[in-house]
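Undergrad: If you scroll down you'll find the structure; I have some questions about it.
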Amino acid sequence: MGQYTASQRKNVRILLVGDAGVGKTSLILSLVSEEYPEEVPPRAEEITIPANVTPEQVPTSIVDFSAVEQSEDALAAEINKAHVVCIVYAVDDDDTLDRITSHWLPLVRAKCNPSLDGEGDAEAEAEGDTQREPIRKPIVLVGNKIDLIEYSTMDSVLAIMEDYPEIESCVECSAKSLHNISEMFYYAQKAVLHPTSPLYMMEEQELTSACKKSLVRIFKICDIDGDNLLNDYELNLFQRRCFNTPLQPQILDEVKAVIQKNVPDGIYNDAVTLKGFLFLHCLFIQRGRNETTWAVLRRFGYNDQLEMCQEYLRPPLKIPPGSSTELSHRGQQFLIAVFERYDRDGDGALSPEEHKMLFSTCPAAPWSYSTDIRKSCPINETTGWVTLHGWLCRWTLMTLIDVVKTMEYLAYLGFNVHENDSQLAAIHVTRERRIDLAKRQSSRSVYKCHVIGPKGSGKTGMCRGFLVEDMHKLIGKEFKTNVVNCINSVQVYGQEKHLILRDIDVRHALDPLQPQEVNCDVACLVYDSSNPRSFEYVARIYIKYYAESKIPVMIVGTKCDMDERRQDYLMQPSEFCDKYKLLPPHLFSLKTNKKELYTKLATMAAFPHLRQFGLMTEDPKLWLKAGLGVAAATMLGFIVLKTISAAGAHTR
């Protein structure tokens, strides 16, 4: 796929304005013909310079304005269409210089912001839009006719620049001698493609807060070993990622020397600190090398407004109907590396502070540490902190249910830069479910099980039991935090699979289930075996939603450590399962601390063609007829039979 860089503007439109007689038209004609025109028309026609003859390789349109031929409405339209406005004055005429501040700059501001003008301002106030940031069109001040004087107007122009932050640059030139003509249009191009104002505040002579924030994030991403320094290896990697060239040792030493000279704490242990890194970019901008800082920002996904580009955060991903999304091997390896970088004490778990630091390159953490990841994934049961296994489980969950969010956060964490590829390389799209059914085996490694049952049936305890080593700790526990999904891994015939238990919260027995609550890889219908009225709800759910579907179903009776009560229903649970050719009810209790239930659910999801397990358990030959492919050759069919048949036994 190749490296991704946020794209810059694909074309540039330059508008020249100024008082009559300052030489706007002459400048354009001199650029095109490379000689001074003897006869100058009132206005030059719009011209387009091809990309291959411009320094920035971007097609550029140059537009002339004449107050004699055009109206003020036409001027307003041209100002709004332009990407940059060149205000031209004559260096030998002080009146044209004075008119920059008395007329042209206020005019450009007003045309870009109609609300700054009388009526528009009242309208904006009525609509509550007074807080909107004014639009600042990039401006280049151009002093023409430098061949007529022996002094410079730069001191006067620099004073104007301090009052108008939208002024990107100023240049003195001559249409007659062709002095600085091409440079003038290059500065105009540069004002659009590599603007100064988003990066730097001229008056304060420091980086803008948005630029500083972006560069801090970039520094953290490049700090691979997490020591808050960029060593030679990290700087070289940064250089290659941003500019596709290595950093020569001599150049690197010179850069460090400049930083050391200007920022006492910019270098530490022969490595660049954050202060040194920020100073370096400030220096680039002060020396007119904006394109260097912009190249870095765009490589890390920033657009001209210093916001992360949507195409950088969310590359297009095609997911066929019936397919799901999982982390690829590269995605897992990257997340392991990120975890290990921020596990500063090396204890194999992320403390709340380490977790917060890890997501410091993101707008916010994608989940709550206390009420989400610690409740939905396996944790270190001694400290209550998130383990590497739990960390990967939470990413696996997010990738299945919200892959777009996964891609966004991979970008925030620097996947695109470290892997030199887009986040698509971190995502695996599984084959369609219909193909799994046809091949009689699932190729996926992540399955979703919907746990459905009446309130008080014990389904929440069953879901939470999936996450802990000792389920006895959950007995009598009141679950105050509502956790929708619980995820852990199980072994299915020697292969690691992730199983997500989604606790479907049903308030009333008669409430209909939504399609997204029904559709899953395996359904687990839970009733309280000690409550005579509990099974009826489960039976109705099965008949209404699953009897005619291809989704495998397991019926689970909880609280089997208590006296089993006869159910007030047409059939008892075992009779119901026989009738609908389901496995016998699996009896479950937290007190037994037995976890084969979760393995059986994952197995049923992995082999979706074996929907009617009740039939299969009666005749071993039917397992072979089911056609497990490789399983038949390796006696896997026998293992499946043995595993599933055990579901009929009571687990007390």
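Even glycines carry a Cβ here, placed using N, Cα and C.
Per Swiss-Prot, the features are:
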{"type": "TOPO_DOM", "residues": "1-621", "note": "topological domain 'Cytoplasmic'"}
{"type": "DOMAIN", "residues": "9-194", "note": "domain 'Miro 1'"}
{"type": "BINDING", "residues": "18-25, 64-68, 144-147", "note": "GTP 1 binding site"}
{"type": "DOMAIN", "residues": "210-245", "note": "domain 'EF-hand 1'"}
{"type": "BINDING", "residues": "Asp223, Asp225, Asp227, Glu234", "note": "Ca(2+) 1 binding site"}
{"type": "DOMAIN", "residues": "330-365", "note": "domain 'EF-hand 2'"}
{"type": "BINDING", "residues": "Asp343, Asp345, Asp347, Glu354", "note": "Ca(2+) 2 binding site"}
{"type": "DOMAIN", "residues": "444-607", "note": "domain 'Miro 2'"}
{"type": "BINDING", "residues": "453-460, 491-495, 558-561", "note": "GTP 2 binding site"}
{"type": "TRANSMEM", "residues": "622-641", "note": "transmembrane segment"}
{"type": "TOPO_DOM", "residues": "642-652", "note": "topological domain 'Mitochondrial intermembrane'"}
Undergrad: Are there any residues in the same chain, six or more apart in sequence, whose C-beta is under 8 angstroms from the C-beta of Ile146 (GTP 1 binding site), and if so which?
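TA: For Ile146 (GTP 1 binding site), the qualifying residues are Val91, Glu172, Cys173, Ser174, Ser177, His179, Asn180.
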Undergrad: Quick check: in three-state DSSP terms, what is Asp225 (Ca(2+) 1 binding site)?
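TA: Asp225 (Ca(2+) 1 binding site) sits in coil per DSSP, no helix or strand.
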Undergrad: May I have the list of same-chain residues other than Asp223, Asp225, Asp227, Glu234 whose Cβ is within 8 Å of the Cβ centroid of the recorded Ca(2+) 1 site, in sequence order?
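TA: Near the Ca(2+) 1 site, beyond Asp223, Asp225, Asp227, Glu234, sit Cys222, Ile224, Gly226, Asn228, Leu229, Leu230, Asn231, Ala271.
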Undergrad: Could you tally the C-beta atoms, other than its own, that fall within 10 angstroms of the C-beta of Val492 (GTP 2 binding site)?
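TA: Cβ-Cβ neighbours of Val492 (GTP 2 binding site) within 10 Å number 22.
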Undergrad: Measure from the CA atom of Lys459 (GTP 2 binding site) to the CA atom of Asp227 (Ca(2+) 1 binding site) and give the result in Å, rounded to a whole number.
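TA: With distance taken Cα to Cα, Lys459 (GTP 2 binding site) is 45 Å from Asp227 (Ca(2+) 1 binding site).
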Undergrad: Taking DSSP as the reference, which of helix, strand or coil describes Glu354 (Ca(2+) 2 binding site)?
TA: helix
Undergrad: Could you find out if DSSP has Gly18 (GTP 1 binding site) as helix, strand or coil?
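TA: In three-state terms, Gly18 (GTP 1 binding site) counts as strand.
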Undergrad: Can you name every residue in this chain, apart from Asp343, Asp345, Asp347, Glu354, with its Cβ inside 8 Å of the center of the Cβ atoms of the recorded Ca(2+) 2 site?
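TA: These residues sit around the Ca(2+) 2 site: Tyr342, Arg344, Gly346, Gly348, Ala349, Leu350, Ser351.
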Undergrad: If you measure C-alpha to C-alpha, which of Gly18, Asp225, Glu234, Asp345 (binding-site residues) come within 10 angstroms of Val492 (GTP 2 binding site)?
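TA: Matched binding-site residues: none.
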Undergrad: Going along the chain, which residues six or more apart from Gly21 (GTP 1 binding site) have their CB under 8 A from its CB?
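TA: Sequence-distant Cβ neighbours: Ala90.
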Undergrad: Tell me the Cβ contacts of Lys459 (GTP 2 binding site) under 8 Å, same chain only and six or more apart in sequence, or just say none.
TA: Val451, Ile452, Gly453, Asp503, Cys524, Val526, Thr558
Undergrad: May I ask you to report the DSSP-based helix, strand or coil state of Lys459 (GTP 2 binding site)?
TA: helix
